[in-house]
Amino acid sequence: MSAYRITGETGEWEVIVGLEVHAQIVSQSKLFSGASAEYGGEPNTHVSLVDAGFPGMLPVLNRECVAQAVRTGLGLRAQINLFSRFDRKNYFYADLPTGYQISQFEHPIVGKGTVEIELSDGEVRHIGVTRMHMEQDAGKSIHDQDPTRSFIDLNRAGVALMEIVSEPDIRSPEEAGAYLRKLRQILRYLGTCDGNMEEGSMRADVNVSVRREGEEGYRTRCEIKNVNSVRFVMQAIEVEAQRQVDIWESGGEIDQETRLFDHVKSETRSLRTKEDAHDYRYFPEPDLLPLVIEQSWVDELKAALPELPEDKRARLEKEYGVSRYESGVLTAEQSVADFYETVARGADARLATNWILGDFFAALNRTGRSIEDSPVSAEALRELLALISDSTINGKIAKEVLEDMVETGERASVIVDRKGLRQVTDTGAIEAAINDILAANADKVAEYKSGKDKLFGFFVGQTMKAMKGKANPAMVNELLKKLLTA
Amino acid sequence: MSSIFDYTLASAREALRARKVSAVELVDAHIEAIERLDGGLNSFITRTPEQARLAAKEADTLLAKGEGGSLCGLPIGIKDLFATEGVRTTAASKILGNFVPPYESTVTANLKRDGAISLGKLNLDEFAMGSTNLTSAFGGVENPWKRRDSDAKLVPGGSSGGSAAAVAAGLVLGATGTDTGGSIRQPAAFCGITGIKPTYGRCSRFGTIAFASSLDQAGPMARNLQDCAILLESMAGFDPKDSTSVNKPVPHYEAALGRGVKGLKVGIPKEYRIDGLPAEIEAIWQQGINWLKEAGAEVVDISLPHTKYGLPAYYIAALAEASSNLARYDGVRFGERVKGDSLDALYEATRAAGFGDEVKRRILLGTYVLSSGYYDAYYLRAQKVRTLLQRDFLKAYETVDVILAPTAPSGAFAWDEKPTDPVQVYLNDVFTVPASMAGVPALSIPAGLDSRGVPLGLQLIGRFFDEETLLAAGSVLEKAASFTHRPTIHAGVSA
């Protein structure tokens with residue numbers, strides 16, 4: 001694939017992107033308190049005194065959150081730091097009850113790792129992960145409910161987040177999108193983050209700079225805060241890179257600053273300049289001891305990790321003979337892969353692949369359902385395919401049966417029996433039907449015999465129609481040939 | 001027994017069990033004494049006589065059945081830094097307003113569990129920041145002691161000044177204190193009572209309003225060591241709600257009191273002989289050395305070479321943490337709020353009105369030392385000094401079992417003698433801060449009076465979690481000193 005370049009007045013520019021992804025850890029309770037970490041709920045109902053920063057309250061680290069962070073680090077093929085430490089990041093805001101966020105600044109729990117991405121042309125790239133740390137989320141300020149007052153919802157305050165920081169290895173909006181989707185896929189496979197960007201459980205800060213083609217080193221970057229969809233991240237990079245190129249080319253300078261992406265106007269806007277940047281006054285959190293974990297515990301977690309997307313993909317290709325493209329689609333979500341394997345295991349894998357990627361996905365799309373609430377279970381689909389394999393029905397009838405299954409939720413065999421769709425393999429019945437058709441179309445038979453081979457299809461169609469589609473197609477072919485040459 | 005106010009915590013405990021006195025009598029007498037004397041002393045911020053009387057009745061019911069915990073029916077006071085469920089908790093600051101916590105600190109919950117009866121919340125320096133108890137938003141506390149030659153009000157020391165004054169004046173049998181850099185030991189010395197700062201991690205910090213989290217430690221204050229031992233045994237213990245509390249069994253501290261010091265090695269740190277140390281302090285220190293020698297201890301000169309860096313490093317480390325710990329007092333969720341046109345204006349107005357000068361000064365200093373560009377020069381170096389101070393002690397404890405030093409560089413001074421230069425006030429902590437920085441336990445006991453009739457304290461500093469040796473050595477000093485003096489203002493003295 002040709003490299004992504006922005007063509008300016010004076011030449012070609014390369015885009016340099018690094019992403020900081022905030023991913024909410026899947027856990028029952030918050031990072032340092034027993035309050036529920038569940039999304040939603042009436043405002044301020046998932047709040048403990050610790051989350052609300054009451055005097056004398058102390059944080060107590062949630063062991064499950066640490067396990068989730070370690071699993072994530074393992075999933076990113078990253079260094080797990082047996083010693084890590086929490087720090088306080090100090091700033092004042094109304095939805096930050098204690099006036100500081102507990103984070104890991106100097107000693108994160110996860111060190112360097114990599115994420116493998118695949119681009120649309122099949123090119124594979126490795127994006128470095130610099131580090132990953134745990135931190136607590138802030139609450140939510142609500143400014144649009146009252147003309148003079150703001151409201152604070154602390155349900156989210158204290159929920160555990162992972163901040164995954166990439167190296168500045170990303171070179172195009174497409175790569176950024178692929179990286180985010182891959183990261184999301186890994187986290188969802190691991191069950192460490194639900195990856196739900198609409199609910200804010202994954203958000204990205206995007207660092208963008210540009211440089212002339214062939215230039216060494218980096219120019220000043222800007223950070224675009226809190227972008228909450230893959231599409232917006234890609235758009236933001238595009239417009240921000242273009243903005244920077246325009247400024248450089250007109251002889252200007254880029255100021256290091258924090259910017260916001262406005263997707264309606266498709267532009268980025270300055271949020272605060274370097275001069276207004278917070279001085280977070282990081283220092284070690286004195287209410288918590290350093291976090292020391294055992295290698296044996298890491299090993300235990302590693303042994304219990306689910307199969308990761310790349311591994312699963314390779315295995316599906318090997319075990320079921322699916323193509324590289326098909327394995328990509330089938331492993332995009334773990335639930336799809338599980339569904340696929342339930343259907344394909346011990347069945348005709350090719351038939352299963354074609355049906356799932358074809359008619360079954362089409363049925364899901366048509367009904368607007370996801371694989372999790374599919375109207376047809378994997379077991380039911382397997383039964384349908386078995387009916388094809390053992391010639392109980394033919395493929396065409398099977399499509400009709402699937403539609404019926406989606407609608408009624410009935411089993412394939414029940415529908416086949418109810419509608420009398422069982423394939424006719426009785427030679428006598430088929431022969432009788434063919435003879436009727438040949439008799440009624442004597443002119444066409446003559447044309448056929450005089451060399452108009454194409455008419456064979458016409459006879460097949462007429463026979464199937466007469467048999468209401470239930471005739472075994474192979475037998476129809478065979479008998480037609482025999483009777484037409486008789 | 002001539003007066004109900006002659007009881008110590010231990011003797012009152014025996015009298016209650018023997019039904020020589022009832023909890024109601026004991027509590028009523030102390031409530032009456034508070035009413036009689038505390039208008040002047042101002043050692044209480046909030047009094048809770050009704051709750052106390054109810055608790056006393058319940059205690060008598062239990063005692064009559066031979067039941068009740070180790071502190072059943074004993075009236076005590078709680079430093080107003082401990083959150084008490086349903087009872088206003090102020091930290092002696094305006095910013096908490098009429099904050100009534102819906103929760104109880106672990107330390108006070110432990111005392112309650114064992115049957116202690118709180119008579120109310122005791123005054124302190126605002127957010128425990130001070131060595132005089134004059135920074136309280138609820139007014140200063142008067143030391144019940146007076147100089148022989150003057151009626152001038154003396155400071156009780158701080159920050160646990162209300163606790164020290166109330167115990168000294170006989171208003172309570174014991175009290176809780178907290179010690180960050182000397183806040184139990186120095187007021188104990190100034191008021192002629194006994195106080196223990198246990199090893200960091202011995203008592204839970206849960207529910208105690210934080211000043212400097214890595215240094216704050218709760219401890220008992222009472223009229224003698226036995227009383228302190230009884231209280232500490234109740235207060236101490238592992239708490240899963242405080243990650244810095246230590247999971248070690250709590251010993252029966254009273255049992256250590258009679259161990260004696262035969263063969264014990266006592267270290268005398270040469271660096272504590274600071275320039276300008278008053279002769280009277282030097283003399284009482286020497287007296288302490290002699291007492292321990294006479295009891296069979298071996299006295300050894302030792303060096304704690306980094307002592308002189310202790311005080312500046314302490315003020316950096318403590319104030320850095322304080323600046324962050326006090327950020328939560330912003331007027332948003334609890335306490336006082338002064339309205340503003342914007343969020344920043346609300347913060348500024350609330351914090352300007354809510355915090356006193358000393359607290360503001362410390363927040364500013366703490367913010368400064370953590371600021372970008374200064375962190376390495378101040379905070380990081382202070383942390384390094386802290387490690388060195390800790391190493392000093394660990395090295396010393398290779399050769400000695402306990403260290404003897406003065407508690408404070410002077411006796412109590414008058415309210416109007418408080419230096420105008422805050423750094424001069426900070427110097428009060430010079431002998432107490434190193435043990436805080438190292439996290440090791442220390443205690444102060446009254447050892448005698450200065451030439452003007454004001455008490456002086458001696459400090460013992462021990463090994464990590466070896467409060468027992470401290471108690472054993474302290475008990476020897478206590479016996480030798482036989483400090484039976486009483487302050488001018490005392491519940492047992494009718495006006």
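Using the three backbone atoms N, Cα and C, a Cβ is placed for every residue, glycine included.
Since this is a predicted model, take the numbers as computed values, not measurements.
Across the residues of the domain 'Amidase' (B:25-471), the predicted structure has a mean pLDDT of 97. Taken from TrEMBL, the feature domain 'Amidase' applies to B:25-471.
According to TrEMBL, the feature active site, charge relay system maps to B:Lys79 (among others). Contacts of B:Lys79 (active site, charge relay system) defined by a Cβ separation under 8 A and a same-chain sequence distance of 6+ are given as B:Lys121, B:Leu122, B:Leu124, B:Ser160, B:Gly162, B:Ser163, B:Ala175, B:Thr176, B:Gly177, B:Thr178, in order along the sequence.
Taken from TrEMBL, the feature active site, charge relay system applies to B:Ser159 (among others). All chains included, 35 other C-beta atoms sit within 10 angstroms of the C-beta of B:Ser159 (active site, charge relay system).
In the three-state DSSP assignment, the secondary structure recorded for B:Ser183 (active site, acyl-ester intermediate) is coil. TrEMBL lists B:Ser183 with the feature active site, acyl-ester intermediate.
Counting only same-chain residues six or more apart in sequence, the Cβ atoms lying under 8 angstroms from the Cβ of B:Ser183 (active site, acyl-ester intermediate) belong to B:Leu124, B:Asp125, B:Ala128, B:Ser131, B:Gly158, B:Ser159, B:Ser160, B:Gly177.
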